[in-house]
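First up is the structure itself, then whatever we jot down about it.
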Amino acid sequence: MRIGILTGGGDCPGLNAAIRSVVRKALASGYETIGIKYGWKGLMKLDIYPLDLNNISGILPRGGTILGTSRTNPYKHPDGEKSILENLEKAGIDALVAIGGEDTLSVAYKLYKAGVNVIGIPKTIDNDVRGTDYSIGFDTAVNIAMEAIDRIHTTAESHNRVAVVEVMGRHTGWIALYSGLAGGADVILIPEKPFDIDQVCQIIERRHARGKNFSIVVVAEGAKFKVEPQVDKDGTLIVQDLRVDEFGHVRLGGIGNLVADQIEKKTGMEARATILGHIQRGGVPTAFDRILATRFGVKAVELINEKKFGYMTSIQGNNITEIELSEVVGGLKMVDIELFEVAEVFFG
Ligand code: F6P
């Protein structure tokens, strides 16, 4: 049995831990492992190399992915699927482990329907993959954002400012909600709940009326104004760049500046924005992500042993289990509104 492994979509801490785990468990089961470079792009071009104990040695704590990644969508390329099927055959790959978010897993599911023996492993700092409580990378991103909020706290307090911290989260507010809760944010803005900037200002003013002279607002990059300020004629989302990738996503980032600007204009309080950006996706994974990735890697090979293809590894509570890819793709896991209501208790 020869197992191919790829990582697709945005990178995140914990990918190398997952690669190491698949390779270690596969070698222990008597299988061969092949690394596929740059996600689906590498499979379309047959850019592969053998993975062995030597080239995975020492990668457990390393951020990023030794395989490289891309946002290539084979279904946007003429003959994309055909070239993948031919290359899998050529390379003698009997089973494929695709480590990715919703985009990568959707491609994995299409390939499974085309006859490929696929197993998915969920990763994304956004934590929006359906069918699993957590995805690899989320916990690390939350901890990085929390630490940033803690640091911004002290400077906001010293200067009596409103500090707006923009975190990632294209369609969902998991990072904003978790880091905001952990960091004691006074307002959290998420894509799932379009916000009224006047209400945000009222919350801040209420807080200042009770004697506080600084505030922290955490905003997800994909958060939406209920009524858009007249600054962006192109739509409700504040985007850096309107070009789309092969999965149809625009590049987000910048809403934090707009929120800070509006707060300053409407309340007269001094406001500053900090955009955390890719810092959230870099560096060493937390213990949680290392362990999650390791458990997912072992589970993926167990599923291959059982010939249970077309599944994704999943964590439910603290149990590692599996879920059919058909149930994962075609939608995202939105934030738990009950948890948002817990956060709201601490607004203002
Ligand atoms: O992978 C998810 C994500 O981190 C989103 O939160 C963010 O919008 C996007 O990736 C950024 O992508 P890129 O690395 O292509 O700028």
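Each residue, glycine too, has its Cβ placed from N, Cα and C.
Among the candidates Glu221, Glu327, Glu338, the one that TrEMBL lists alongside Thr124, Ile125, Asp126, Arg161, Met168, Gly169, Arg170, Arg272, His278, Ile279, Gln280, Arg281 as binding substrate is Glu221. Taking Cβ-Cβ distances under 8 Å and a sequence gap of 6 or more within the same chain, the neighbours of Asp126 (active site, proton acceptor) are Gly101, Ser135, Phe138, Met168, Gly169, Arg170, His171, Thr172, Trp174, Ile175. With Thr124, Ile125, Asp126, Arg161, Met168, Gly169, Arg170, Glu221, Arg272, His278, Ile279, Gln280, Arg281 listed as the residues that bind substrate, the site has a largest C-alpha separation of 32 Å. Among the recorded positions listed (Asp103, Thr124, Asp126, Met168, Arg272), Thr124, Asp126, Met168 have a CB atom closer than 6 Å to some atom of ligand 1, in sequence order. Put simply, Gly10 is the one of the recorded positions Gly10, Glu102, Asp103, Lys123 whose Cα lies nearest to the Cα of Ile279 (substrate binding site). Here Arg272 (substrate binding site) is compared against the recorded positions Gly10, Glu102, Asp103, Lys123, and the shortest C-alpha distance is to Gly10.
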